[in-house]
Amino acid sequence: MQAPAKVAVVGAGSWGTALAALIARHGCDTVLWGRDAACIAAIGERRENPRYLPGIALPETLAATTDLAACVRAADLVLVVVPSHAFAETLHALAPHRPAHAGVAWATKGFEPGSGRFLHEVAGEVLGGEVPLAVVTGPSFAKEVALGLPTALTVHSDTPAFAQAVADVLHGPAFRAYTGDDMLGAELGGAMKNVLAVATGVADGMQLGLNARAGLITRGLNEMLRLNQAIGGKAETLMGLAGLGDLVLTCTGDLSRNRRLGLALGRGQSIADAVREIGQVVESVQTADEVMRQAQKHGIELPISGGVQRVLHGELTPTDALRQLLAREQKPEYPVGLFG
Ligand SMILES: NC(=O)C1=CN([C@@H]2O[C@H](COP(=O)(O)OP(=O)(O)OC[C@H]3O[C@@H](n4cnc5c(N)ncnc54)[C@H](O)[C@@H]3O)[C@@H](O)[C@H]2O)C=CC1
Ligand SMILES: O=C(CO)COP(=O)(O)O
């Protein structure tokens, strides 16, 4: 597979803009599509995304457009970076314009809301089975990537040459892009860590201490591993950048919107006020339901993720969620056979 010379980045929020800037800085011909005309005009005229990455200079070579067909039509590689709720509709919109040779990757984290389908299932259905698909995921705050700070992430695909091609446009002097072949595990890790970040945020907002935070991260990882085993993902994916790496980042870093939602809830703020104040995509609000749908489907008990879901729905206060977690029966730390 040839290295993509022209890349279309679809979605001009903070992550799409940061990835487009990264790829453009690496010398690829890069076009960023966004639906917000004012934002796209500012990127073209001032080399800045004032809404999502204010004050960060974007490369002169980065082109931006509101014309999705034109953006995609010229591409060798399409990288979708819209929120999960817009993933299916965006794929439907771009599909007729995608050149036959262009594979499709996405850096969206979450499931299809309402159905709980994995995004690679949605992409396979919308685009057809022949199109190379890849998931881009891992510990990566958009702001830090846009500032050129060192970052490592991973690209998973069923088509190894496509994973490598996507990794090649991302990899650079301050950015390490690894590859793997486990889209299922990679997507599960990226989705679940957002839910678990709410849990640690709540605990920190309630000032429960550092022991509680570490306990939640570790038992959260255990929840990821158990659900991952049930759905058929690889344990090593969850022990790497797509799982543990992103879990640690999002549970501890205050740049995380999901952690900040948890902090606000733990301090007694309402979910509506917290989401409004954050003013950006907070994937956990929908992902918690879809994680619990998967858990139910596979008969897996996930007390932390389930607690987050109930807190997000206002069915449980943070204090009651904590009380329920602490009152659970004792058990061995790991089920036999979790690591094969
Ligand atoms: N910001 C970050 O550091 C990272 C974000 N992600 C993931 O990337 C995805 C996108 O998130 P962000 O860029 O951070 O969000 P954001 O909140 O910064 O921006 C959201 C963007 O989505 C667009 N949008 C909203 N609804 C849309 C629709 N119906 N159709 C088309 N575009 C729509 C908005 O116009 C805006 O450009 C999410 O799944 C997120 O979890 C993944 C890794 C890092
Ligand atoms: O996915 C992310 C970092 O890897 C961003 O996390 P938040 O969506 O919680 O800000």
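If you go along the chain as it appears here, the first residue is 1 and each next one adds 1.
A Cβ is built for glycine as well, from the same backbone N, Cα and C atoms used for every other residue.
Curation plays no part in TrEMBL annotations; they are all automatic predictions.
Not measured: the values here are computed from a predicted model.
Among the features that TrEMBL reports, domain 'Glycerol-3-phosphate dehydrogenase NAD-dependent N-terminal' is placed at 6-162.
Counting only same-chain residues six or more apart in sequence, the Cβ atoms lying under 8 angstroms from the Cβ of Ser14 (NADPH binding site) belong to Asn49, Tyr52, Leu53, Ala142, Lys143, Ala146, Gln280. Summarising the annotation, TrEMBL assigns NADPH binding site to Ser14, Trp15, Arg35, Tyr52, Lys109, Ala142, Arg257, Val281, Glu283.
Residues annotated as sn-glycerol 3-phosphate binding site in TrEMBL: Lys109, Gly138, Ser140, Lys193, Asp246, Ser256, Arg257, Asn258. Annotation note: Asn258 (sn-glycerol 3-phosphate binding site) sits in a helical segment as assigned by DSSP. A 10 Å cutoff on Cβ-Cβ distances gives Asn258 (sn-glycerol 3-phosphate binding site) a total of 28 other Cβ atoms nearby, all chains included.
Per DSSP, the domain 'Glycerol-3-phosphate dehydrogenase NAD-dependent C-terminal' (182-322) is made up of 109 helix, 0 strand, 32 coil. Residues annotated as domain 'Glycerol-3-phosphate dehydrogenase NAD-dependent C-terminal' in TrEMBL: 182-322.
According to TrEMBL, the feature active site, proton acceptor maps to Lys193. Long-range C-beta contacts of Lys193 (sn-glycerol 3-phosphate binding site), restricted to its own chain and to partners at least six residues apart, with a cutoff below 8 Å, comprise Gly220, Met224, Gly243, Asp246, Leu247, Thr250, Cys251.
Within the set of binding-site residues Ser14, Lys193, Arg257, Arg257 have a CB atom less than 6 Å from some atom of ligand 2. Within the set of binding-site residues Gly138, Lys193, Asp246, Ser256, Arg257, no residue has a CB atom less than 6 Å from any atom of ligand 1. For the binding-site residues listed here (Asp246, Glu283), the lowest count of other CB atoms within 10 A around the CB belongs to Glu283. Of the listed binding-site residues Arg35, Lys109, Arg257, the Cβ environment within 10 Å is emptiest of other Cβ atoms at Arg35. Distance from the CA of Ser140 (sn-glycerol 3-phosphate binding site) to the CA of Arg257 (NADPH binding site) is 13 Å. Taking the C-alpha atom of Asn258 (sn-glycerol 3-phosphate binding site) as reference, the shortest distance to any of the binding-site residues Arg35, Lys109, Glu283 belongs to Glu283.
Residues Lys109, Gly138, Ser140, Lys193, Asp246, Ser256, Arg257, Asn258 are the ones the record ties to sn-glycerol 3-phosphate, and the longest Cα gap between any two of them is 16 Å.
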